[in-house]
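Worksheet: one structure, shown below.
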Amino acid sequence: MAAVTRYSGKVVVVTGGSRGIGAAIVRAFVDSGAQVVFCDKDEAGGRALEQELSGTVFIPGDVTQERDLQTLVSETLSRFGHLDCVVNNAGYHPPAQLPEETSAQGFRQLLEVNLLGTYTLIKLALPHLRKSRGNIINISSLVGAIGQSQALTYVATKGAVTAMTKALALDESRHGVRVNCISPGNIWTPLWEELAASTSDPRATILEGTLAQPLGRMGQPAEVAAAAVFLASEATFCTGLELLVTGGAELGYGRKASKSSLGEVPTLPPNVH
């Protein structure tokens, strides 16, 4: 019974809620007693989840369109009268690209989804979150802190999400609004599966992603969702926090250089033969 009531009576908005981590977050908040309003460009997926889960409202929307986000907030307030938590989950990871293969146009488009959509919804929701002394949870990424090869633009957007979280936490503390972010590592989602399928050897890509964690597996969307419910409910003394849900992928030393970057012979320290 405690799990059902831990966020009872609260109203939560989730972006990108139709599948993967977003759908798991919607489900977890409903299981915790909240009313959840979620948006996604995938209308069919959103309608299906809305039909499956009582306590949810789906509103089709694109986070790059401010009008859609205005509708998301206004519909939430019209139906429920208040807003307690915003989860900025919508985001995209492009296929692997070398730096010279990226473009300014592609970077701008990614910024619109991964960063500016988050910023815009925060601005629209803040007056209402201040009234409820609510909280914001931004979904960032481990690679925003540690980097990732062939993901220059994605890493930049997620690093910015984490930095924005910390800056906003300082500004909003005086209003009693907590602002935190979750940085997942390798989580087995439809997007991860699609990215693997775009490589020359999907099975090898999946194996590499699996072995990146000391725990020896990828995470599940429900594990990220559990972290989100914790931040919204029990974590009342946490703000500006980046919560890593990574299976320990960032831990330890490991091989970083490739033969192409070393040349034929590695450069060893003096007196090493």
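Note that Cβ sites are derived from N, Cα and C of the backbone, with glycine treated the same way.
Annotated active site, proton acceptor per Swiss-Prot: Tyr154, in sequence order, evidence recorded as sequence analysis. Look at Swiss-Prot and you will find Arg19, Ile21, Asp40, Lys41, Asp62, Val63, Asn89, Tyr154, Lys158, Ile187, Thr189, Leu191 tagged as NAD(+) binding site.
What Swiss-Prot annotates, mapped onto the structure for a quick look.
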residue	record	Cβ neighbours (10 Å)
Arg19	NAD(+) binding site	18
Asp40	NAD(+) binding site	27
Asp62	NAD(+) binding site	17
Asn89	NAD(+) binding site	28
Tyr154	active site, proton acceptor	23
Lys158	NAD(+) binding site	26
Thr189	NAD(+) binding site	22
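Calculated from their C-alpha atoms, the gap between Thr189 (NAD(+) binding site) and Tyr154 (active site, proton acceptor) amounts to 17 Å. In the three-state DSSP scheme, Asp40 (NAD(+) binding site) is classed as strand.
Residue annotation for NAD(+) gives Arg19, Ile21, Asp40, Lys41, Asp62, Val63, Asn89, Tyr154, Lys158, Ile187, Thr189, Leu191. The furthest Cα pair among them is separated by 23 Å. The two recorded residues, Tyr154 (active site, proton acceptor) and Asp40 (NAD(+) binding site), have Cα atoms 20 Å apart. In the three-state DSSP scheme, Lys158 (NAD(+) binding site) falls into the helix class.
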